[in-house]
Amino acid sequence: MSERGIKWACEYCTYENWPSAIKCTMCRAQRPSGTIITEDPFKSGSSDVGRDWDPSSTEGGSSPLICPDSSARPRVKSSYSMENANKWSCHMCTYLNWPRAIRCTQCLSQRRTRSPTESPQSSGSGSRPVAFSVDPCEEYNDRNKLNTRTQHWTCSICTYENWAKAKKCVVCDHPRPNNIEAIEFAETEEASSIINEQDRARWRGSCSSGNSQRRSPPTMKRDSEVKMDFQRIELAGAVGSKEELEVDFKKLKQIKNRMKKTDWLFLNACVGVVEGDLAAIEAYKSSGGDIARQLTADEVRLLNRPSAFDVGYTLVHLAIRFQRQDMLAILLTEVSQQAAKCIPAMVCPELTEQIRREIAASLHQRKGDFACYFLTDLVTFTLPADIEDLPPTVQEKLFDEVLDRDVQKELEEESPIINWSLELATRLDSRLYALWNRTAGDCLLDSVLQATWGIYDKDSVLRKALHDSLHDCSHWFYTRWKDWESWYSQSFGLHFSLREEQWQEDWAFILSLASQPGASLEQTHIFVLAHILRRPIIVYGVKYYKSFRGETLGYTRFQGVYLPLLWEQSFCWKSPIALGYTRGHFSALVAMENDGYGNRGAGANLNTDDDVTITFLPLVDSERKLLHVHFLSAQELGNEEQQEKLLREWLDCCVTEGGVLVAMQKSSRRRNHPLVTQMVEKWLDRYRQIRPCTSLSDGEEDEDDEDE
């Protein structure tokens with residue numbers, strides 16, 4: 001066969017294309033151009049392409065910039081024919097596999113007894129590769145890279161392996177560091193009996209490409225001290241029958257092929273937490289890994305240690321479970337500003353979808369002139385009282401993941417907006433917690449559903465009901481909105497009048513906001529949502545808009561009480577929900593379950609059982625001024641006494657012993673929706689399982705005792 005007849009191998013899929021092809025027939029990748037061989041330009045000693053290429057024959061003896069591989073270096077007739085004679089071509093993807101492989105390394109297809117592209121001489125020699133002399137280029141193959149590892153140094157920026165002579169990285173021009181030792185994982189022949197040398201070669205390539213934007217760990221440890229103990233993982237997975245191993249072989253191999261360098265570092269850090277190896281955690285942190293990363297099902301299967309690892313665990317979970325106080329202090333410092341959020345709706349997606357279907361099924365449109373949508377179920381979300389039974393470190397972890405700490409701080413500390421009454425927050429167990437939600441324009445709808453059903457408005461079911469209600473009942477809501485805007489402007493001394501066309505334009509803008517997913521909503525939309533819920537909504541919010549410099553820009557106008565005034569009182573519930581507002585963002589304010597109260601308010605008669613949780617929501621601010629009631633008509637407007645009377649008609653109100661006017665929010669776990677209760681239990685079980693172990697081991701001894 002002449003040199004013109006030699007095909008060129010695609011550097012992406014290894015398919016061998018005809019010399020005339022400029023793109024790969026399989027993956028359409030561009031044909032590789034000439035490879036850079038030396039640092040300085042050189043003149044070829046001979047035009048004979050059949051002569052063996054020798055790195056030492058380059059002018060001045062300069063070292064290669066890019067290590068040539070089997071597909072990029074000049075082809076030699078003898079070695080090319082021997083290479084094809086030793087490997088067998090896959091009938092599915094044409095990948096050239098080593099003779100001892102019984103399955104294709106790329107697609108895992110079974111090897112045929114005689115491949116169509118295999119030469120007659122090689123068809124019967126699959127048991128042992130034919131010995132052949134290695135040319136000077138063969139030392140750069142993946143098979144022989146281990147022997148020349150000390151001749152390279154790894155760039156700490158792009159992870160490219162440069163020759164020892166290079167003073168800076170060939171790819172990114174980063175200066176050569178003082179320490180040239182590189183961290184490599186699973187490169188030795190003894191690391192695993194399952195991964196063959198082609199797997200390791202492809203894995204190393206994926207590490208270089210997948211982590212080119214991340215800093216490799218600049219650790220001073222040697223490879224043997226920080227590399228992943230793959231043999232321990234392999235041996236742990238070898239427990240079981242031969243049939244089970246054969247079934248799991250393909251799955252485990254696929255998982256390993258997808259793993260990148262950062263993934264192995266993360267698994268190494270997880271094992272390091274269990275075994276008390278702080279160096280593994282430092283290596284993962286130095287590589288830029290996410291401390292809040294959670295274990296996936298595939299990673300747990302690869303670790304194969306159920307007594308120690310579980311899906312969803314982070315390094316913090318493991319440190320708490322195995323009582324690694326020194327590691328916990330380091331990890332909590334790292335994640336204090338960027339804690340991974342985990343609300344109940346995230347733990348069980350199947351239950352969350354069922355709840356969304358329940359909400360959609362409970363939405364109905366009332367017949368008649370006021371054709372507004374409404375919910376048929378009364379549901380109030382509260383944090384379970386079982387949280388208090390968890391260890392303090394686990395409680396702190398739970399609150400970091402479910403609460404919005406920034407909102408909580410702004411509403412409590414920067415301004416006394418919630419929990420300002422010690423009587424309500426402590427003695428009456430009515431402390432409010434700000435739940436974390438999405439920060440987009442859907443935060444109002446998310447917070448409303450979180451305060452009731454504990455989930456997001458992911459499918460925009462509530463937004464659609466909001467838009468349809470505004471559109472179908474436009475006349476009713478428009479009249480209320482127009483009268484309220486006129487009165488509010490006059491109350492601030494702004495006496496002006498608008499043409500009807502201007503009012504209509506502003507109203508059309510409000511309607512358009514309701515129909516756009518992600519668009520921010522206004523006070524009118526809260527008023528409509530109170531009618532959809534058929535219950536009052538109390539908003540506790542900051543009073544002023546402020547710039548990033550802290551300058552006051554204007555009034556927010558969100559704080560107050562929103563009553564479903566267009567419904568009959570008998571059609572509505574008197575148990576309100578509470579929302580928090582902070583600089584363009586709404587959050588659900590929920591309480592924690594308590595045992596209920598008998599007669600805590602002056603003049604209040606609460607005939608409740610022990611299962612009912614009563615939360616006392618203040619109807620006054622920290623200065624004891626009554627909260628505004630929004631969207632009142634001209635007949636309903638009056639002095640503070642008249643507004644308080646109106647509040648008592650629409651809410652279950654009482655006055656505490658401290659003289660605070662409050663509204664009672666009632667909820668019951670037994671009477672709550674069963675799907676919500678089940679979702680909360682599954683979410684709480686996640687934290688119950690990370691209790692610190694009583695023993696110094698990983699809990700395996702306890703399991704053995706139980707089995708006995």
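Cβ atoms here come from the backbone N, Cα and C positions, even for glycine.
In sequence order, CYS155, ILE157, CYS158, TYR160 are the residues of the chain that are 6 or more apart from CYS172 (Zn(2+) 3 binding site) and have a CB within less than 8 Å of its CB. Swiss-Prot lists CYS155, CYS158, CYS169, CYS172 with the feature Zn(2+) 3 binding site, giving sequence analysis as the kind of evidence.
Per Swiss-Prot, the feature region 'Disordered' maps to 38-73 (among others).
Under the heading region 'Disordered', Swiss-Prot lists 200-223 (among others).
The repeat 'ANK 1' annotation in Swiss-Prot covers 260-290.
Look at Swiss-Prot and you will find 313-340 tagged as repeat 'ANK 2'.
Summarised as a single figure, the pLDDT of the zinc finger (3-33) averages 82. Here Swiss-Prot flags 3-33 (among others) as zinc finger.
As annotated by Swiss-Prot, zinc finger applies to 84-113 (among others).
Positions annotated as zinc finger by Swiss-Prot: 149-178 (among others). Per-class residue totals from DSSP over the zinc finger (149-178), listed helix then strand then coil: 3 helix, 8 strand, 19 coil.
The Cβ neighbour count for CYS169 (Zn(2+) 3 binding site), using a 10 Å radius and every protein chain shown, is 21. Apart from CYS155, CYS158, CYS169, CYS172, the Zn(2+) 3 site neighbourhood in this chain, defined by C-beta within 8 angstroms of the site C-beta centre, holds SER156, ILE157, THR159, TYR160, ASN162, VAL170, VAL171, ASP173, HIS174. Ranked by Cβ neighbours within 10 A across all protein chains shown, the binding-site residues CYS155, CYS158 are led by CYS155.
Counted with DSSP, the zinc finger (3-33) comes out as 3 helix, 6 strand, 22 coil. DSSP assignment over the zinc finger (84-113) gives 3 helix, 6 strand, 21 coil.
Mapped onto DSSP classes, the repeat 'ANK 1' (260-290) shows 24 helix, 0 strand, 7 coil.
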